[in-house]
Each structure stands twice: as C-alpha cells, then as structure tokens.
Amino acid sequence: MTSLLPSTVTSANPSTDVPATSSSGKDTSADITNTSGNPNIDLSPDLTSQPLSNPINTSFSAPSSPDTQQSLHTKQSISYSAEPPSSQHETPLIHDEKSSSQDEPVNSSEPPISPRLLPDSNFPPITRAMTSASTRPYSAFPRRTKILVVVLGAISAIFSPISSNIYVPAIPVLAEKFGRSEQDLSLGVTVYLIFQAITPSFFGSMSDSIGRRPVYIGTLILYMAANIGLALVPTSSYAGLLVLRMLQATGGSAVISIGAGCISDIAEPRERGRYFGFFQAGAVIGPAFGPLLGGVLAQTLGWRSIFWFLTIATGVVLVPLIFFLPETLRSLVGDGSIPPPALNCSPGVLLQRRRMQKANDDLAPEEHIERPPRKKYEPLSAFIILLTPEILLVFIFVSLLYVEFYNNLTVYSTALKDSYGLSELKIGLCYLPSGIGSVCSSLLNGRQIDYYYRREERRVGGDYRKKGEEFKIEYTRLRCIIPFMALFIVAATALGWCLEAKAPLAATLVVNFFVGLGTGTINTATVYGQDLKPGQGGAVSASLNLVRCLFGAVGTAVIQIIYRKINAGWTFVLFSGLCIAGIPIPFIAAHYGPSWRQSRAERASRKSTEKKKKEKDGGVIA
C-alpha cells in the first residue's frame, strides 16, 4: 500500500538514478541495508506488526550492482511525514527535509527538491523527507482535532446508557396513558437492552470498513429520528412504542463502538488510556443521570418531554459532528494526511476536493497520492474476535464486575424506595455519587494505563508493535484492573450491608461513591483488545459491549428474585463472591496469551505455505 511514492531513489552520485523497489508492504522505513562494510551500522529492522500504523511510509532498496554499490553507502528511506501546519504560512508548502541519525550519515550531495504549493486544505501539510529512520508521529492530526474527536465521542457516548433508564421513571405514567400494565411497559426496557447488545457488533465492523464518519452520522440520525417518533407516538400504538425503542437502541448504542474506533485511529498505544479515560467518562455518566432526568422531566413537563430532550441533545451534537469531525479510519486516510473519499469528507474538505484532485493530477506520476485499499466489510468480525481466547477471557472477567455494578443500581433503587421511603426524584439524586465516582475512576484508570505502558516501553526499548512478545502486553495492561477490582468488591459488599442494616442515608451515598470509583476496568479491557486487534477498534468495542450486555441481561433477570429471597447484604456477598472466583481469569490470559498467539501464527504460516504449494503444483503462480 503506497501513497505519494516516487519511482526512483537518487543515489549519492547525482548522475545515477537507481530504480526504486518497494518493500513487502509493511512499514519498514527504519530498515537499513549496510553496504559499506561498517559493522557499527545498526541492521535491525523496524518490526512493526501493524501495517496501518504508518500507512504512507514506504522503504526503497537499491539493487546491489557493481555500478551502484560504490556510490551507495547505505539504503535511504523515502517517507512522507505529516506535520502540524505552521502559523507562519497560510498555504501548506511541500519542502525537502534531510535528517540523519547517529548511526548512518546522509549524503549531502542529493539534488534539492523544488518547493511545490498545494491548495488550501484542512489537512496538515505533507512534507517529503529523506531519513534513515521514520520519525513521523502515529497521527498527523493536531492536538485540537484529537480533542474535538474525544469530546464529540464522549458526549455521543452518553446517549446509549442514558436512554436505557431515562424511560424508567415514566413507566407508571406510560402504563396509564397506553392502557397497559407496568410489566408490559417494562418490556420497552428489555427490548432496548437486547438491541443495545447486538447492533453495535454490525455498525462497529462497518465503521472499520467504510469509515467512521458516515456510520457515525448515520446512526446518530437514526437515533434522533427514533426519539422524534417516540415523542409523537400515539398512545393507541403500543407496538409502535416497542419498535421505536428498538430503533432508538440501534442508533444510540452504535456510537460508542464507533467512537472507540476513532480513538484507536488517532491515539498511539502509549497515550490511548488517557484518551479512553475521557471518552468512557461520557458513557458512565448515563446510568447515574438517566433516572434523575427522566423523573424531573416526567413530573414537570410530561413523559413526551423525555424524548424531545433527547432529540434536542442529539441535534446539538450532530451539527458540529457533521461540519467538523474528520474521517479518522487509518485504512482510508492513513495517519490523517491523505484526503478521504468524497463520502467521508466534512463539508469544508468536500468544497476543496476538486482543487485538491486537480493539484494531484498535475503532479508527476511518481508523486501521485495513491489511496490505500478499502477493507472489506465483515459483519461478523465482532463475533469472530471473541474466538480469540485471551480477549474473551478478559472480556468475561470485566463483565462479571459489571454484572454486580448493574445489579447494584437495581437493588439500590428498590432498597431506597422500600427501606427509606424516598420518591423517584430523590432516588435519582442518590445515584449522583456513583456517577461522580465512575467519572473519576475512568479518568484515573486512563492515566494508570498509560503509565504502565510507558514503563514497559522503557524497559524493553520500544513499544508492543516493534518488540512483539518481548513487550509483556498482558501484564502491562491487565495489572491496571487489580486495584479497581479490589476497591469495587469491598465497596459493593459494604453497600449491601449498609442497605441491609438500614444505615443512615449519608453512609450509603458515601459508599456508593466508592462503588463507582471501583468501576475503572472497561477502559483496560478495550485498550487491551485494540492492542491485539489493530485496525479493528470499532469491532473490539462492540465485542466487549456484546459480552457485557449478555452478562448484564442475565444478572438483571435474576437479581430481584435473589434480593427478595436473601436481602441486600447476602445478595452483594453472592455477586462479590462470583467476582472473586473470576480473579484467576486475567492471570490465565496473561500467562498463556503469548503462546496462544504464537500457535495461531504458526498455524496461519503453515496454511499459507500449503496454499502456495498447491497453487504452484496446479500451475498457478502465487
């Protein structure tokens, strides 16, 4: 996969042009061929396991012929590095930069490359650079663009969890208006949870194929349309209410997996935890504020105002998302320096697209921008990811913790009503400490993830993409789970006995804050999955969502029965015991994960060899 590729490499002798030969398709811009006989030159290649992490870099090696070997001391690597635009230039300028490393001298006799102006663009200027090693950053997007992506993603991530329970306080009113039982109206919650679990698996995979931006916008429009329908649905149409709840779940839940994919596109592994911490903070606010908002709106403005509120909130996010959100999918835009297809352009970029295309057509053939091949849409990729045992084990363990968290929300509401006699509005206010604790947990966990990754990076002298299994990715990522898990189990058990003993309400609020503070595990699981499945950020997030929701559905189906039988204290002891029983799971993944990956790689290599042999025996050139 190449882009902006010159067809020749100019040797140290200006009169000799050596035909360029591209490498095998992976990023080998740091690969150096020693032809000088100097044993001090580093010959170690840049072992990057992720082809798209540096998608527009390509290395070229000159043929080792007698005519050229004397003039070539080392192989030079031509790359195109994207840098933030300079404030001193309004028009991006392509210029030549020559950099050298301490290990390899760069010949200063190279003929200069004449500057060339590009039309005004929202993309960073592209700089052609001749270096001995790639120094381009993982993403060419400036920091303000990354912040925009995270902020829009975090706000969008609120919609799915908040929509699942904002509806709950209005169930008695809806039952009266629709002439149905409260149990019938509660089916709207069940239907929502089912579609919330399943549909992101398809949309997350779609965003990994056709791009983040069109799927992001499409699902938010669907969510907005469903809210308008719910606000206008006639009270004689109970079936219409259920169908619209399905559509609401389909549109709202998909944006979380898409947003997670966007972050994996723009954030390199060593900073991914911090970005996910801010992103996940939006998702964890929903369960805490949903019942409160639903109760306030239903009691003051009527039940239809709940869905009008969601419609307006969606519009507030959708407008800047349409106009300003860039396409980030690395198989389409590389590190962000390749203009996206028309379908994936924001309006500002789309208006400039013709000028940009004309500028590209005017270039010499060897300098044309070649778009990377688009990945095939695999609708079942989120399910296939779960066939990776180490990922499945980690997702199961995290889901056990979230079962107890969601059961805590359910039991807490029931206990506050039965034991403390609180109204729906006051019960909603009691969820705020848990929500605040969850936000703090997400932010702290994000910092912790990055800290351990960078420490391991310093230990082995490189990141996981370059060092492979020498970089202990399981121990680096999964060690972040332990402190949060311990805090969560202790706090959840304490909350159960506070409710059992009818302790002062203030005590339950304080303990519930620590329950929320102990939920910082979802970031770890998501980042770990994206480390092992690069380029599939949307599908990985959807896979975790599927496992978590399935476990949550089972838990919520039995929690009220268990609570009525053994009360709050022993209920939380039971679920905390399940979490403790699951502690060996991440350690199993950490111990056997590297050997499982090695076995899969060996099987894939054997299959590839056998396939090529059969094709060769059949007269087909591989």
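Positions of Cβ are set from backbone N, Cα and C atoms, glycine also.
Under the heading compositional bias 'Polar residues', TrEMBL lists 1-90 (among others).
Marked as compositional bias 'Basic and acidic residues' by TrEMBL: 92-101.
What TrEMBL records for 102-111 (among others) is compositional bias 'Polar residues'.
Summarising the annotation, TrEMBL assigns domain 'Major facilitator superfamily (MFS) profile' to 149-594.
Feature annotation from TrEMBL assigns region 'Disordered' to 1-129 (among others).
If you look up TrEMBL, you'll see 600-622 (among others) marked as region 'Disordered'.
Summarising the annotation, TrEMBL assigns transmembrane segment to 147-167 (among others).
Per TrEMBL, transmembrane segment is recorded for 187-203 (among others).
Taken from TrEMBL, the feature transmembrane segment applies to 215-233 (among others).
What TrEMBL lists as transmembrane segment is 239-263 (among others).
The transmembrane segment annotation in TrEMBL covers 275-294 (among others). Away from its own ends, the transmembrane segment (275-294) comes close to residues 146, 150-151, 153-170, 256, 259-260, 263, 266-267, 306, 309, 406, 409, 413, 424-425, 427-429, 431-432, 434-436, 438-439, 441-447, 449, 516, 519, 522-523, 526-527 of its chain (Cβ-Cβ under 8 Å, at least six residues beyond either end).
The annotation transmembrane segment is assigned in TrEMBL to 306-325 (among others).
Outside the transmembrane segment (380-405) by six or more residues, the chain places 200-202, 204-205, 208, 474, 478, 481, 485, 488, 492, 515, 519, 521-522, 524-525, 528-529, 532-533, 536, 539-540, 542-544, 546-548, 550-552, 554-555, 572, 575-576, 578-579, 582, 585-586, 588-589, 592-593, 596-597 with a CB less than 8 A from a CB of the stretch. The transmembrane segment feature in TrEMBL is assigned to 380-405 (among others).
Marked as transmembrane segment by TrEMBL: 425-445 (among others).
Long-range Cβ contacts of the transmembrane segment (480-499) within its own chain (Cβ-Cβ under 8 Å, at least 6 residues beyond either end) map to 273, 397-398, 401, 404-405, 408, 411-412, 415, 419, 441, 445, 448-449, 452, 507-508, 511-512, 514-515, 517-521, 524, 568-573, 575-576, 579-580, 583, 586. As annotated by TrEMBL, transmembrane segment applies to 480-499 (among others).
Annotation source TrEMBL lists transmembrane segment at 505-528 (among others). If one looks beyond the transmembrane segment (505-528) by at least 6 residues along the same chain, the residues whose Cβ comes under 8 Å of a Cβ in the stretch are 260, 269, 272-273, 276-277, 280, 283-284, 288, 391, 394-395, 398, 401-402, 405, 408, 412, 416, 420, 430-431, 433-442, 444-446, 448-449, 473-474, 477-478, 480-481, 484-492, 494-495, 498-499, 540-541, 544, 548.
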### Query
Hey, which bits of the same chain come close to the transmembrane segment (540-563), Cβ under 8 Å, at least six residues off its ends?
193-194, 196-198, 200-205, 253, 256-257, 260-261, 264, 382-383, 385-386, 391-392, 395-396, 398-400, 402-404, 406-407, 410-411, 414, 522, 525-526, 529-530, 533, 571, 574-575
### Task
Determine the mean pLDDT over the domain 'Major facilitator superfamily (MFS) profile' (149-594), rounding to the nearest whole number.
86
